[in-house]
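Features as listed in TrEMBL:
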type	residues	note
COMPBIAS	A:57-67	compositional bias 'Pro residues'
COMPBIAS	A:77-109	compositional bias 'Polar residues'
COMPBIAS	A:164-174	compositional bias 'Polar residues'
COMPBIAS	A:182-193	compositional bias 'Low complexity'
COMPBIAS	A:200-211	compositional bias 'Low complexity'
COMPBIAS	A:239-251	compositional bias 'Polar residues'
COMPBIAS	A:255-270	compositional bias 'Low complexity'
COMPBIAS	A:284-293	compositional bias 'Polar residues'
DOMAIN	A:453-491	domain 'Zinc finger Sec23/Sec24-type'
DOMAIN	A:530-774	domain 'Sec23/Sec24 trunk'
DOMAIN	A:779-862	domain 'Sec23/Sec24 beta-sandwich'
DOMAIN	A:875-974	domain 'Sec23/Sec24 helical'
DOMAIN	A:994-1065	domain 'Gelsolin-like'
REGION	A:1-134	region 'Disordered'
REGION	A:148-355	region 'Disordered'
Amino acid sequence: MSVNQSAPPVPPFGQNQPVYPGYHPASYGGQPGPAVPASPYGAYNGPVPGYQQTPPQGVPRAPPSSGAPPASMQAPCGQTTYGQFGQGDIQNGPSSTAQMQRLQGSQQFGPPLAPVVSQPAVLQPYGPPPTSTQVTAQLAGMQISGAVSHAPPSSVLGYGPPTSLASASGSFPNSGPYGSYPQSQAPPLSQAQGHPGVQPPLRSAPPLASSFTSPASGGPRMPSMTGPLPPGQGFGSLPVSQPNHVSSTPSHALPPGTQMTGPPGTQMTGPPVPPPSMHSPQQAGYQLQQNGSFGPARGPQPNYESPYPGAPTFGSQPGPPQPLPPKRLDPDAIPSPQLNELPPQQRARHRIDPDAIPSPIQVIEDDRNNRGSEPFVTGVRGQVPPLVTTNFLVKDQGNASPRYIRCTSYNIPCTSDMAKQAQVPLAAVIKPLARLPPEEASPYVVDHGEAGPLRCNRCKAYMCPLMTFIEGGRRFQCSFCSCVNDVPPQYFQHLDHTGKRVDAYDRPELSLGSYEFLATVDYCKNNKFPSPPAFIFMIDVSYNAIRTGLVRLLCEELKSLLDYLPREGGAEESAIRVGFVTYNKVLHFYNVKSSLAQPQMMVVSDVADMFVPLLDGFLVNVRESRAVITSLLDKIPEMFADTRETETVFAPVIQAGMEALKAAECAGKLFLFHTSLPIAEAPGKLKNRDDRKLINTDKEKTLFQPQTGTYQTLAKDCVAQGCCVDLFLFPNQYVDVATLSVVPQLTGGSVYKYACFQVENDQERFLSDLRRDVQKVVGFDAVMRVRTSTGIRAVDFFGAFYMSNTTDVELAGLDEDKTVAVEFKHDDRLSEESGALLQCALLYTSCAGQRRLRIHNLALNCCTQLADLYRNCETDTLINYMAKFAYRGVVNSPVKTVRDTLITQCAQILACYRKNCASPSSAGQLILPECMKLLPVYLNCVLKSDVLQPGAEVTTDDRAYVRQLVSSMDVAETNVFFYPRLLPLTKSPIDSTSEPPAVRASEERLSSGDIYLLENGLNLFVWVGASVQQGVVQSLFNVSSFSQITSGLSVLPVLDNPLSRKVRGLIDSLRAQRMRYMKLIVVKQEDKLEMLFKHFLVEDKSLSGGASYVDFLCHMHKEIRQLLS
Amino acid sequence: MATYLEFIQQNEERDGVRFSWNVWPSSRLEATRMVVPLACLLTPLKERPDLPPVQYEPVLCSRPTCKAVLNPLCQVDYRAKLWACNFCFQRNQFPPAYTGISEVNQPAELMPQFSTIEYMIQRGARSPLIFLYVVDTCLEEDDLQALKESLQMSLSLLPPDALVGLITFGRMVQVHELSCEGISKSYVFRGTKDLTAKQIQDMLGLTKSAMPMQQARPAQPQEQPFVSSRFLQPVHKIDMNLTDLLGELQRDPWPVTQGKRPLRSTGVALSIAVGLLEGTFPNTGARIMLFTGGPPTQGPGMVVGDELKTPIRSWHDIEKDNARFMKKATKHYEMLANRTAANGHCIDIYACALDQTGLLEMKCCPNLTGGHMVMGDSFNTSLFKQTFQRIFSKDFNGDFRMAFGATLEVKTSRELKIAGAIGPCVSLNVKGPCVSENELGVGGTSQWKICGLDPTSTLGIYFEVVNQHNAPIPQGGRGAIQFVTQYQHSSTQKRIRVTTIARNWADAQSQLRHIEAAFDQEAAAVLMARLGVFRAESEEGPDVLRWLDRQLIRLCQKFGQYNKEDPTSFRLSDSFSLYPQFMFHLRRSPFLQVFNNSPDESSYYRHHFARQDLTQSLIMIQPILYSYSFHGPPEPVLLDSSSILADRILLMDTFFQIVIYLGETIAQWRKAGYQDMPEYENFKHLLQAPLDDAQEILQARFPMPRYINTEHGGSQARFLLSKVNPSQTHNNLYAWGQETGAPILTDDVSLQVFMDHLKKLAVSSAS
C-alpha cells in the first residue's frame, strides 16, 4: 500500500467504474502497442486452451499450447476453454474475440504484453463473472503451472495478446524468465516470431529469461529459466512441478528451442544440478516463479483504480478516488474512447481467465499427489515439508516435525541485507504441544536425573542432536553458541568412527528433533514441585444465561464431562481437581467436599476486592466428591431459575479463580461461561462503546483495544499464578470481546463465542467445543524460550501468551491447539555450512502435575542466493505469520495502514523475486515464485477478512473475536480459515470413499445443479443449487423439492441412503479435523442466507469491497511494476 | 419502719433502689462534705412477682420539659380532676378515662404501694426477638463440637417466633442464608476489610428491599419480617435447617502453619453482624451473640498478630505503651458498640480460651449495650454450657429474663440534679433542667439507653444536691426522684416501668445524726466502688487507690468519733462500721488491682461488677467465706487467713469462683478414705455439705462461677489464699508457729495494718 500512497497517482483505486473504460483501453492498448497485436493474441489463445486442458493433466496442456496457432488458436482455444469451464461458453467465445480486438486497439497505448495481464485483472474486477470463464482457463493454466513452466511461456506471450486469458496462464511459467520489463518488448518479438502458437511467445519469454540469467543464476530459478527450454523439464527440474510439467513441457520445449538457446546455456547448467535434488520433492508442480505476469503495470493501474476505488481493499481508497483515476489513465495507456464506452459487463468479459491464475486447489492437490504418499523424514537440514493440507507421516530423525514447527522459509539468507531485500519475513510458527496422529510416537521423556537436563553452560541450550561431541566424547560443542562444554562423567560415552556417540540412537535427545526432559525441582516455581492443576468452572447465572437454558444445559453436560478430564499417559483417573463458581453481580463459590451431605454455597459480594472464601472443599477430586458435585449441578439451575439479576461482573470472576488457584498453590484453568457486558459496579466494569462510525477512521483501532487496563493487570497476575482462562461467550449484543478476551489472550486461553445462543440451535456446537476444550491436552504454567544459533535471533512473538521480558514467552496454559509465531532477525552473518538452528524449549507442568521440558530442534539452511530463499518458502506459513502480524497491527494503526503494509510487503517480496531471480521478461508479465504463487490469492483473503475489511453485517465483537482467534491459529487453520474449502457433494460418484476434490472458492464454480459444502474451520455451509435433482434433494433433505428445503437448516436429517450417509459422514469427518465444532447452515441458492455464504467465496469480489482474486492479482502486479521501475 | 435497715430492705424489694443516703443533706455544701455522694443503685427490672403490669398507658405531666408520670406523690384534686406534678408543680387535667376517680376509687399509680408500677403499651408494632449467633470456627475440634451442640440446644430454648441468624467467622466471615433448601448458602466477606453498614447491606443484597421497606414501614409493618428473611428466620421454620447447618459447621479450613495463630476476623464479623441488624431491624430487640475461642488476629479490631512468638498484650505491655493494636482495636469495637447501642441491639461475648481473647478491647461491646460477657477456658466446660443455657432461663411468668432497648429516664425534684450513671448503658444525651454540670460516670444527660438488661441489671445513678445553703428546705420537705424505664419485654410488648421515690431532707448541721443513721454503707461501698472502677478504666491504678483512700479517710474524719491525734480513740458508728473493711477488700479486688490478672480478666471482672445488684456486688468486693466443721453447723467466718484451719472445710464465694477448700486434716482423712467407711458417715456428710451449698449457689448465679474443689496445699488453693485477709504472713513473725490459720506468702498489708493506718490518718489533723 505504501507504494500506492507514495505514488500519488496510484492511490486512486478507489474510483469507480467510470474509470474502467479508460483503463481497459489503456491496458489493451498497451499490449498491442509493444507487440504485434495479432500474433500475440493468437499466441495467447493458443496457450490458453492448452492450459485449461493442462490443469486436469499436464500433458494435454502442453500440446495445445504449443500446437495452437495464433489466430486459429484463438477461436478453438476459446471454445475449448469454455467447454472446460463449462460455463458461459458461448459468451466467452465471442467475448474473447471481441476482447482481443479491443485489446489490440488498446495495446497501442501502452506497454507490451504486460498490459495483458493487468487488463485481465482490471477487467475482472469489473465483471468478474463473465471473465471468469476465460479466467478460469487461465487459472487452470496457472495451477498447472507446474506444467506451467511451459504454459507460462506460452501464456506470457499469450497474455500480452489475448490479454488476460492467455497471459495469465502463460505468464506464470514464463514469468520467471520474463521478469524484466524492458525486455518485454523482446517478448513480443519473440512471440511474433514464435508466434504461431502460444509457445513462441513463451519461448520468447525465456530468452528474456536468459537475460535474466544473471539474476537467475541465483539458483533454482535459473533452472526455471531453462525450464522453458525443455519447457516442462526446465521448470520442473528446477523447483517446479516435474510431473505435470514435464509432460507439458516437451511440447513447449520444442518451440522454445530458440528461446532456449538464449538462456539455456547458463541457466541450464545452473539450475539443473541443484534443482533436481532439491526441489523435486518439494515443489513438484511449481516452478519457482509462477508467474502470472500480468499485463502492463500501468494499464492495469488505472484500471485498478477504477475498480478498486469502490473497494477499500487495497487500502488506497476513497481519498484519491475519482480525480486520480484520470491521472493514472494518462500514464499508462490512454483509454480508448471505445473501451470507455463499452458497458462494464463486456469489459468484464475481457478479463483474465480465472482459470489461468494460480489456483490454491490445484496446488494443494498437486502437493497431495506428490508428497502425500511418502513419509517426511526430518533428518535433512532445511527440507521444506509438505503442505499442511497434505496428509503425510513424519519420521523424526533429528529435526522437529512440521507439526510442531513450520517456517516461512527453510533457507535463510545469510545476511540481513539479503533478508531486507527479499522482505520475506523469517518466522517460525510453533505448536509445541501439537497433537500427533496416532501413527507417530509422541515425544519420549528423558530423565537426566537429579542434575537435570544437560545444557550448554553459556547459552543454556539443551542437549540435542545438533550438539557436536569432541575430544573422544569428553566434551561437546554447543552448536548454538559454539561454547565447548565438558560432558559430565555420568553422561560420557565413546564416539564412533564418524564422531557420533555410540549411544546416539539410544538417546532421544541425541537422535530426535523433539523430546521431553523431566524437570528437576530447580525448574519449579518456588523450588517446589507443583501440585496437580485444577479446573474451575465459572458460570454466569444472570437472567440471560438462565433464560436461554444455557445454565441447565451446561450443568447437565458437566456431570458427564467431568469423567473425561485430561489424564496423563495411562493414568486411571485424572489428577486434575475441579471447582465451581457461579456469578452474576456477585460470586457464588461452592464447597463440594466429599464429606458434605449437600453442597454449600458461599456468596462473595465484595467484588471490589475479590478473595476466595474457602479453600478446603472448593477444589476436589471428581471421583471422591461425585455425589456432592452431581447434587450441586442439579441445584444450580433450580436455584437461579427465578433470578432477575441482569447485571454481571467479569474481572472479579477471573480474579476469584486466580486467587483460588493461588490459595491452592497450583496452576489451572478457568472455564468462564459469560453472557453479557459486565456493567455491574466492580473493577473491570465496561461500558458499551461499540461505534460503527469509527470503522475506516483513525480511531477504528480503539475498537480493538481494551477499554481499561484492569484486564492487563489481571492477566499478568493470572500468568504469574499459572492460571489460564478459557472464555465461552454467549452474547445477545455487544459484549466487548476486545476487552473480555484480553485475559484469555494473555494467559494462553481460548475464546469461544456463540452469538444469540439458543439451546435448540447451538447446543451441539457449544457442547462439542466444551468437550474438546475440557479434554484436550494442556500444559500449565509454561515458559517457552526459543534459542537460535549465532547470527539470528528471535525478535518478535505472536500468539496467546504474556511476555514480561523480551525472550521468555510465558503461558499460563498452553494446549495442543495453540501456536506461537516467532519472527527472527539477523544479528550477524550466517554461514551456509552451519546453517541456522532453532531450539524451542517449553517448560510446563503436565496435567498430572509433572514438571517437564519439551524440546523441539530444527535446523535450517542458509543461502547466499536469493533464489534459494524463494525456492524454500512456505506460503501457508507466510500467510499465517502475515495475518498475525497484520491482526496485531490493527490495535495500533488504522486498518488501512495495515492493509497497505501487507500489500506493500507482498509486492516487495514478489518484486524482489522478479528482479533478482526471475529470468528477464516483459514488464507486463507477472512472475511469481513457484513457492509463492498463491501468496497473492491468500493475501487477498487476509485483506478481505472481517478484521481488515469488515462487511456491514460483521460486528465489532466478531472482528475482535476473529482477531484473537487467528493470533494462535496454526498454519493449517489459517490456511482453511482464509481460503475456505469448497467441496462439491454431488459431483463425484456416491460410492467413492474419498473426499470429493475441492473447487475454488468462487461463485462461478457453483453449478445450480449441485450441492456444495463449504468450510473454513469455523463455519460449515451446505449450498444447494436451485436446479438440483429432486432425487438428490429427497435423499439428502427428505423433502420432495428444492423449495421445501428449510433455509438455514442446521442439521441434516438422518436418512438411510448412500448420499445422506456420505454427506453426513463427510461433515462429521470435517468437524473432527477442526479445532472447533462447525455449525452447519444449509443455504439455498438465491436465498437470503446466500449472502452469508457468498462472503466465504473469497475469490470473488466481496460485498464489503474486497477485491476479487483477479483484481487483486492485477493490482499486485501493478505494485510490483512500480517497485521495479 | 422500725430501723433504717428494714426501711432500706423494704425499699429495695419494692422499688429496686438503694440509696447511699436515705436522708438527704439539704444543701449542696453539706452534701459535698458527706464524702460519699448522694447516689443510688437502681435495678430497673427487678423481679416483682407481686406486681402485675397495668394494661394502660401512663399519664404524663403536660409540661413539655417535665413529662413526669403521675405517681403517688402527686397532689390530686379529685373534684377538679386535676393533679399537680410533684416535680414541676404543673397542674394537669386528668385524661378522660380518669373521670371516675375519687379518693376511694384511685387508679393504681396513685396508691402508695405502687411507687413502682409497670404499664403495658399496646400500640406500636411488635417485632419478634432476634438472636444473631456469631460463631468463631477457629476452634479445636472438640471445642467446636461442644459449641455446636450448645447452639443446637439453644434453638429449642428460643421462643418459636424469634428470628435467628448465623454468622460464622475464621479467616473469612460467612453470613448464612437460612431459607434455602438442599444447599446451604452463605455470603462471605473478607476478614481483613472493614465495611460500612451501607456496603454490608449492599453486599448482602438488603438495600433494594430495605429502601421501600423504610418508606413503607409506617403503613405496613408486616413486611418487615420478610425483608431479611434470608438471614434471619423464625426458629420454628428453620429449626431443622439450622440444626443441620450447625452440625455441618467445619473448623476454619485455612491452614494454620506452625508458630501461627489462626486468622480470626472477629472485628469484621461483629461489624457485619451489627450492620446486618442495623439495616434490617433497627430499634427492635436483638442480641448479637459472639462466640469466640481466641483473639482477633486480623483485620480491623485485631488484638494480636498471628505470630505465636508475639504474645498477646499484658498489663505490663499496656503500661509500657507497648500494645500495638490495642488503641486501634478498642476504637473499632467502641465504634461498633455505639452503633449497636444506637440501634437498640445488644452484643454478648462468650469467650472461651485458655489465653486471652481480647476482651479488653471488646469489652465496650457488652458494656455499652448491656450484653453479657462470659469468659471460660473452653466451650466444652459446664461453665460455658450452663451459663449459656441460663441466658434463656425464664421467670415465674414463663418469660425470658431479658429485656431490650430500654430507655431509662430520671426526673428529680428541683433540689437535685443528675450527675451521671454507671452501668451497662449509654448516654442518650438528653439535656434538661435536672442535669448537673458535674459528671459522675456517664453524665450530661437525664436519659440512658440500656440495650439489653435482665432483672438483676443494676445501675449506679449519681446525684448532686444543688439546693443552696441559704435556701433552706421547709421542714418535712421531701425530695423526689422518678425513674421511667421504657423497654421491650421479652414477650415483645413495650412496657414502661415507673418508680417514684422520695426521701426526707435534713439539715446536716443540725441533724447529722439522722443522716448518719440513714447511711447505707453497703450501697455506699458499691457505689463508691463503681466510681472507683469507672475511674480505673481511664486512670492509672495507683491514682484510683489514692482517691479511694482519701475518700475513706475523709469519711472517717467526718463521721468517726475520735480525739485528735489519738488513733486509739477512733470509733465509727454501726452504720459505718463495715465500710472501711469493704474498702480494704475493694482495694485488693481484681477490679482495681491488675496484678495477677490479665487485661482480659480485669475487663471481665469489671464488666460484671458494673452491672450486678448490690448483693452480688458486695460478694465481689468482699467474698463470703463459710466454714464447715464437726463443731457445729456451717458458719460464716472472717475472710481472713486465720479462718483457714486444718479441721475445717471452707466454702468461699467470690461471685466468679466457688472454692471449696479442705483443711489439711480433712484432706488427709479424705485421702485415707474415711468417707467411704460406714462408721464415718458423718465425715461423708461433712464433705458433702459444702458441695450441696455450692450447688445451690451455682444454680442461681449468672454467669456460672468457676467451681474449684481443692484442699490444703493444692495448687488451686491459691484462689482462696489470694482473697483472704493476710493477717498472718511470713512477715509478721509473731503469728509464726501459731496453731490457727495459715500464713499467706504476701507483702500485702493485712486488714489490721490497714485499719491502723486509717485510724492514724483519720485522727491526724494534718490531713
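Along the chain as shown, residues are numbered 1 onward.
Placement of Cβ uses the backbone N, Cα and C atoms for every residue, glycine included.
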For the domain 'Zinc finger Sec23/Sec24-type' (A:453-491), the distant same-chain contacts (Cβ-Cβ under 8 Å, at least six residues beyond its ends) come to 398, 446, 499-501, 504, 509-513, 517, 519, 787-790, 834, 837, 839, 841, 853, 855, 857, 859
With DSSP as the yardstick, break the domain 'Zinc finger Sec23/Sec24-type' (A:453-491) down into helix, strand and coil residue counts.
-> 6 helix, 11 strand, 22 coil
Take the domain 'Sec23/Sec24 beta-sandwich' (A:779-862) and count its residues per DSSP category (helix H/G/I, strand E/B, coil), listing them in that order.
-> 0 helix, 56 strand, 28 coil
Could you put numbers on the helix, strand and coil content of the domain 'Sec23/Sec24 helical' (A:875-974), residue by residue per DSSP?
-> 66 helix, 2 strand, 32 coil
Average pLDDT across the domain 'Sec23/Sec24 trunk' (A:530-774)?
-> 91
Looking only at the domain 'Gelsolin-like' (A:994-1065), what are its DSSP counts of helix, strand and coil residues?
-> 22 helix, 12 strand, 38 coil
